[in-house]
Amino acid sequence: MTELTKEEILDSRKTDVFNKEDETSKKNTKIMTFNFLLNAFFLLPPDGATPFVNLVYKVIRTSILVIDVITLSCQLIAIVAHWGNIPLIASTMSVMNGLTVSFITCIYFILSKTKFVGLVDLLRTEFVSKVKSKYIRFIQNAERQVKIDVLLSTPIVLTCCFMWTVLPLLNSNLISNVEDKNITTADHYLERMIFVMWAPFETIESPQYEIVFLLQFAIVSLAIMQLYAVDIMFLCLMSHAAAQFKVLQVMLDDMDQNISENDLQTAKIVDYEHVTTDDSFRNTAHGSISLRSRIQIDDNSENPGAQMTYPKDDQMFEDQCRDYLVKCIKYHQAIIEFVDYLNEVVSFPTFLKIVNLPILICMTGFQMTQTVGDQKHFFKFASLLAGSLYLIFSYCWFGQQVINESEEVATALYGTDWYNQKPGFKRLLPLSIMKASRPVKVKGGVFYDMSFVTLASIVNVSYSYFTMLIQLNDS
């Protein structure tokens, strides 16, 4: 017989106080804190927006998409018109690829916004809200990782915006050559415009030049920031998926402790000074089983609470271990289904980035080699190259985290006290380990997964394209 002493009861009350503090911390934990960027750049109206606000957002989104289509068409015409001018074509294709990725990603997000919102709600209601308070630190760490990524990427994004939108205004030739009638169209676009595009009218003269320049400024700025907002949302979902696998690992490591805590919570004294033989307790964690038969109280004692005892019940503990394992298996399956749903939502735009980024990296790298003597243009393309590499690195980093944490679940399962458990527990464990041994991956289409292997492949393909373009230009 194990006696529940007064000191243990007081410790239980202290634990309750800490648990309440943890619950407060849990309620104060916020996830997907950067979703406001979607509101700021007209991709998603704020929660509780009025019909008028929704209409305004819809009109702005539609206008942006129409302008993007016209811009991409004009860039394609410019490539045909200046065919044979490799530096100009490379410059145009660099911007065109970036705008294409941003345009398709944003339109896909707009068409699938219900799925995205549902995925966030699923994460918030079915996972984060049900995590034990002592594991909430892993959720906070996932959010913290995204914040660090934002802090690291924001200077790159702002530098890219500055170099591409403000650089033409700082060009030393801008003022001196405004009235130069001998300047070629190609030189005009490369020196004075943000990017090359065909126009049905002359853009060298004022005010056509100012109008086209402001339009290009708005297009590039919005394209970069909208793509940035959607990517941050994707990365945040991937980070939280990895965090859920981490929570599962710790739950398996703490199996005995969690079962003991459930027992203590079951036999918790509601009011130590007023415990009587008529008090009844119910176990809400295990199907509302009455504990009256498990608690023995000496009615003749002056202090009934001090004589409260538990019968030692190995059979019940072993059954609880099996039930706990079943709970963890169901939790594991729920996380896998969450990642599968995540793949349904992000697979296409991620595949688009994997296909387009090698071309973008190749073209920007080529332009850097052609503008080594021109610092302004060199850093202009260097900023775009840095942004492209950091984007795919972030995707592969968080994707690799999902793979690593999902594989660690198998190790956590094997690390349980399985050799001291009953046959029912031992029968479940091998199948669980086999399933957990298959890594869970965030997919980029059918052929790719977001991992360091994919990152290395993208860099390798980009370098191959780059060397081929250099040889073509030299010939």
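Just so it is clear, glycine is given a Cβ too, placed from its N, Cα and C backbone atoms.
Among the features that TrEMBL reports, transmembrane segment is placed at 64-83 (among others). Here the transmembrane segment (64-83) has long-range neighbours at 42, 89, 92-93, 95-96, 99-100, 102-103, 106-107, 186, 189, 195-199, 215-216, 219, 222-223, meaning same-chain residues at least 6 beyond its ends whose C-beta is under 8 angstroms from one of its own.
Look at TrEMBL and you will find 89-111 (among others) tagged as transmembrane segment.
Beyond the transmembrane segment (150-170), the same-chain residues lying 6 or more positions past its ends with a Cβ under 8 Å from any Cβ of the stretch are 34, 95, 191-195, 213, 216-217, 220-221, 224-225, 228, 232, 376-377, 379-380, 383-384, 386-387, 390-391, 394. The transmembrane segment annotation in TrEMBL covers 150-170 (among others).
Marked as transmembrane segment by TrEMBL: 211-237 (among others).
The transmembrane segment feature in TrEMBL is assigned to 345-366 (among others).
Annotated transmembrane segment per TrEMBL: 378-398 (among others), in sequence order.
Distant neighbours of the transmembrane segment (446-466): 238, 350-351, 354, 357-359, 361-362, 365-366, 392-393, 395-396, 398-400, 402-403; these residues of the same chain sit at least 6 beyond its ends, with a Cβ under 8 Å from one of its Cβ atoms. The transmembrane segment annotation in TrEMBL covers 446-466 (among others).
Long-range contacts of the transmembrane segment (89-111) within the same chain, counting only residues at least 6 positions beyond its ends with a Cβ under 8 Å from a Cβ of the stretch, are 43, 61, 65, 68-69, 71-72, 75-76, 78-79, 82-83, 164, 190, 194-197, 219-220, 223-224, 226-227, 230-231, 348-349, 352-353, 356-357, 359-360, 363-364, 366-367, 370, 381, 384, 388, 469. With a cut-off of 8 Å between Cβ atoms, the residues of this chain six or more beyond the transmembrane segment (211-237) that come close are 31-32, 34-35, 37-38, 40-43, 64, 67-68, 71, 95, 98-99, 101-103, 105-106, 109, 116, 119-120, 123, 142-143, 146, 149-150, 153, 157, 160-161, 164-165, 168, 192-195, 197, 199, 203, 342, 346, 349-350, 387, 391, 394-395, 398.
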